[in-house]
Structure formats: structure tokens, C-alpha cells
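J.: Structure provided below as C-alpha cells; questions to follow.
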């Protein structure tokens, strides 16, 4: 059985429920962008937050490496439910720590990894389940739609958080709300049903066991896109994780940024997703990545008003939002049937290693050189990706012509 055949009974219904589940969990994860602001307000700093994220990177590696083996023994539905419990536990402990400030520093090293574990588990299973609910012709567009709602949730997290903090700046109401949203995500996971999840577990385990060996993996073109998402995740983390503090320090509204960022991602993905999916990725992907780099350089120049800040956010959202699902779909496209599940797991592993290691490096850089230099380096990373993408596609095209 291939992962494509798992959801043949009600793929559209499953896909809609997966989107609802993703929105709730994404809001919980997006709200974590307020944690640096929260920790700094309690006498800690960016390096502390980066250290908690580094621990989360270790958690990410452990979860993602062992997840395929766990899926052989445990129903996917139960694993999905665990992600909601991780979120709930993390924010419940933060609520407790908010009432006991003397324990906050120690609790941060537990809460942030717990929240991260919730997102890691959900994110990895989500990619596999969306792939399973899609045909080869609809997969890239479904990834585009799924990623759009994912970004909507992540962007709504800080916006909702700032609104709640305007009513009560102690973070108690916010952590309570996030506990409730974690429960909603938990209920959405239940609504996915058990049959489809069982099929997915069997499918993924069997495909993983059929992988022909390390040689096939190392020679696969899909490995290139795993490396690309490593860099793309670093850019995403730099854009998202420090905007609240950056905005506060420069008299700018982070709510404006996240609202415009969400619009920049959501609208093009939903309106242009189908059209982009029909275009030649050899041309589209490098162009989108180059435009992302230019947008980062614009952010590094330092917006002088909320209008310019919002324009930069829209630009970043458009070009990141359209390029990321292409990288994800290209990973699946260039993987063989026997390595597809492996590369989906590897994709998540690369994403989260970068996502949780980057804040530590970025925090150190910010403490020395400031935020503008950080965004400039992110632009350089994007431009290096453009060179790599052109080189990859040119090499593939040359090989095809010689065959």
C-alpha cells in the first residue's frame, strides 16, 4: 500500500479536518513568538530563549528519528492526540510559572521543549497525512493550501496574544487561552477518526521498511531539498521569532507585521497556488527565493514607519509563502515510492533542527551586532539558496539531455 491510497474513502473530509487541526495547533505555536518578550520582561534575555530552543532541537531530533518506529506500534491517532497534550502541558506550566516567578527560569527549560514537542509531532504527522490524502496531481496544491492555513494560525498567535495582553499584561489570561486552544486541537485530532490513521501507520511503516538502503537515499535528488528546507527554516525563524522585540525596540507594531505577513502568505497561496503548481519549478523557485532575499535586505535597512514595516512583511510573506510549499512538494517529487516517507521525515527533521538551533545563534548575533545585521545575514542565506537552486536544476537538466 502506498501513502497515496490511504484516504481513498473520504480524502476531502479528512483534509478539511486536518486544516482545522492545524489552525488550532499553529495558533498555539505562533503564540510562542511572544515568549522572548515574556522572558525579557522577567529579567531574562534572547540568549536564554535561544538556549531553551537549543534543547528543543534535541527533542526534535529524538521525536522525528523515532517517530517511524513508534508509528509501527502505536496508532497515528494516539500520536496526534499526544501533540495536543504537549501543548497543554507546556502552557499549563507557564501559567504556573507566571504565578511563581522564582521558578520561571527553570520552568522555561521544560515548557519551551514541551510546546516544541507538540508542534514537532503535529507538524511531522501533518505532512505525512496530507501527502496520504492527496494524489500526485493535487499534492503540491494541497501542500500550498495546508501551509497557508498553517501560516494563518502561526500569524494569528502573536496577534491574538497582543490583543489579550492589551487587556491583561500579566500573561495569565493568554496562557489560559492557549490551554483552551490546545484542547480544541486535541478534539480536532479525535475528529480525524481512527480508520484512516491506522491505514496511514501501516502504510508509512511498510514504506520505510522497503527503503532499499542508505545508498539510494544519498543518491536521491530529494536530499538537496532537505538541505534547502534547512536554510529556509533558518530564514523563517529569523523573520518570526524576534519581531515582537524588534518592533518594541524600534517603535514599530509587531501586530502590523504579523497581520501583513499573514495576508502576504495567505492570499497568494490561495489565489495563485493552483497556477504556481502548473508552472516550471526550475524557473519559479529560484525567482521566488531571490525576491525573498531582496525583501530581507529591505527589512535589514530598517523600516522607519509602520507602513514600510507592513510593506516589508507583505513582501516577505508572499515570497516565503509561495516558495516553501514548492520545496516540500519537490522533496516528494524527487523521492522514490520506497523513500518518500523517509524523506518526509527527513524534511521535518531538517526543518526543526534549523528552527530550534537558529534562535541560539541569532540571539548571540543580536546581542553583538543587533537585529539589522541579523536580517541582512538572512538575506545572504536566501541568495546562497538561489545559486544552489540554479545549480541543481541546471545539473538535472544537463543529465536529462545526455540520457
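Including glycine, each Cβ sits where the backbone N, Cα and C put it.
Note: TrEMBL annotation is automatic and uncurated.
TrEMBL feature annotations, pasted as is:
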DOMAIN    217-403  domain 'Major facilitator superfamily (MFS) profile'
TRANSMEM  23-41  transmembrane segment
TRANSMEM  47-67  transmembrane segment
TRANSMEM  79-97  transmembrane segment
TRANSMEM  103-122  transmembrane segment
TRANSMEM  143-165  transmembrane segment
TRANSMEM  171-191  transmembrane segment
TRANSMEM  222-246  transmembrane segment
TRANSMEM  252-271  transmembrane segment
TRANSMEM  283-301  transmembrane segment
TRANSMEM  307-329  transmembrane segment
TRANSMEM  341-368  transmembrane segment
TRANSMEM  374-393  transmembrane segment
J.: How does the model score the domain 'Major facilitator superfamily (MFS) profile' (217-403) in terms of mean pLDDT?
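T.: 88, rounded to a whole number.
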J.: Taking a Cβ cut-off under 8 Å, which residues six or more beyond the ends of the transmembrane segment (23-41) line up next to it in the same chain?
T.: 48-49, 83-84, 87, 91, 104, 108, 112, 115, 118-119, 122, 149-158, 160-162, 165, 171, 174, 178, 181-182, 184-185, 188, 240-245, 248, 258
J.: Using Cβ atoms and a strict cutoff of less than 8 Å, what residues sit near the transmembrane segment (143-165) while being 6 or more residues removed from its termini?
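T.: Distant Cβ neighbours of the transmembrane segment (143-165) are 15, 18-19, 22-34, 126, 130, 134, 171, 173-174, 177, 240, 243-244, 254-255, 258-259, 261-262, 265-266, 269-270, 273-274, 276-277, 317, 321-322, 324-325, 328-329.
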J.: By Cβ distance under 8 Å, which residues at least 6 away from the ends of the transmembrane segment (307-329) in the same chain are close to it?
T.: 127, 139-140, 143-144, 147-148, 151, 225, 228-229, 232, 235-236, 239, 247, 252-253, 256-266, 268-269, 272-273, 276-277, 281, 284-285, 288-289, 291-292, 295-296, 298-299, 347
J.: Are the transmembrane segment (283-301) and the transmembrane segment (374-393) close, by which I mean at least 3 Cβ pairs under 8 Å that are 6+ residues apart in sequence?
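T.: These two stretches do touch.
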